[in-house]
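Undergrad: Have a look at this one.
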């Protein structure tokens, strides 16, 4: 039983349902936009879709490595019915991620462009009336290096839950996060794009039937980390009212660059053929490079891959969020400790096997194809994983023993090794963020997603349940857009969409006919979401204690002025 989305031909629009017979046109602050109506089977009210609306001026030429500028107005009716290009990125990795994550029946091949600051809107509102529906703004994942708004079709979520869904793009990789650590290129350009998109939503969403006073930001992976950063950022004040981080928070250390960012900037400049005399020289030279030249530089840098040679402490798997004194005034750890953040209702969740298959096997090519691992190889591989987990060499034996020591089975050891990395990258940071948010007195909810979507790649082992990204199919209603979902999967997606939309409406996911989801308070109740959805307590409690303790040892051994890594 799959439900087909089909475009309502203007002429055959059924007057009985009051379907508009001409396509939707909406007036924005910058000019008029033309969209299209699409109906989802089973829903009388069509969804108006607007694709590729510019929310900022194209960040080209002298605007490269600068904060986004407001879009230029236009005087004609802008056609917003085709997908915008995705921000420039490694096309292979971008295409792969899109194919693995899309909830569409067919993945859309997207062009690349540095001119990419666009958003898509899905609104179920009757645009002839004054509606004020809750707004859900989606920030895609992809390690801040790849990804696109159009991978995610907001149609099913908008239709089922009567919410306005907005999917946004932001500069990625060198374009989005190049930082010299000083005023010449502060960095965080991609996050500033996210802020600009939220400003645009405040100014315009009412014309699309959305309520600017009820905006929920939600995102997965680097999108979840972005949401978490916006919760910590003074620049995002009053731009959103609730937040959801799926599988990624600002304490996910691989995405946040602490310490000196200059060496990475110099490495990029050298790879691009620029002199590194001063920051100003590097930035000036990189601004002269064509988009193609910077893409070539990106590919040469071999981001998003595990470097098995060389010193892992010097390996750079991605460019990330930096402490720029504007977006982030201090490190996420310091802001968390000071409780210096927006105390909006916050939902934070992880999947049961975050490092189960997609990240290690598809994105980073871990040498695990044999499907087993002995203790010695595990220790060496954990050291090579330093860029992801920041575990000091002297702590590796203890960490490996703790996770892998209980078994001699090398297949089990491999699974436990993947659990270890998942805990350090996602599980432990997510719980710490949720605890800090709760302790600041803000409503907090946690979940662990444990389900294997039928849409998973055939290459993924059947034993991997709750891999990174698996919840996306439920959140975006994939069973209503793709073929082949079971009744169980359809029910799960309906439930998840209802939880997410209730949270967007009320700051509380609970509602009639749904399993009870306890608030994350001192008892640390959370929801396990899957074939059997039920409340449980103390998610990753023991793991948080172990890692907090282990990282504290390292901090004590080394005086604070030397760089140490903390979760």
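Using N, Cα and C of the backbone, Cβ positions are placed for all residues, glycine too.
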Undergrad: Of 98, 245, 380, 474, which one does Swiss-Prot label phosphoserine?
TA: 380
Undergrad: Which ones are near residue 468 (active site, charge relay system): of the recorded positions 221, 354, 380, which have a Cα within 10 Å?
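TA: Near residue 468 (active site, charge relay system), where near means Cα within 10 Å, the recorded positions are 221, 354.
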Undergrad: Are there residues of the same chain, six or more positions away from residue 285 (disulfide bond), whose CB falls under 8 angstroms from its CB, and which are they?
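TA: Set apart from residue 285 (disulfide bond) by at least 6 residues yet with Cβ under 8 Å, we have 269, 272, 274, 275.
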Undergrad: About how far apart, in whole Å, are the alpha carbons (Cα) of residue 354 (active site, charge relay system) and residue 380 (phosphoserine)?
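TA: About 21 Å separates the two Cα atoms.
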Undergrad: Using a 10 angstroms cut-off on Cβ to Cβ distances, just flag whichever of 87, 116, 274 is the loneliest among these disulfide-bonded residues.
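TA: Comparing Cβ neighbour counts within 10 Å for the disulfide-bonded residues 87, 116, 274 gives 274.
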Undergrad: Take the C-alpha atoms of residue 79 (N-linked glycosylation site) and residue 116 (disulfide bond) and report the distance between them in angstrom, rounded.
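TA: Between the alpha carbons of residue 79 (N-linked glycosylation site) and residue 116 (disulfide bond) there are 16 Å.
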Undergrad: Cα-Cα, whole number of Å: residue 116 (disulfide bond) versus residue 221 (active site, acyl-ester intermediate)?
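TA: Each residue's Cα considered, residue 116 (disulfide bond) and residue 221 (active site, acyl-ester intermediate) end up 20 Å apart.
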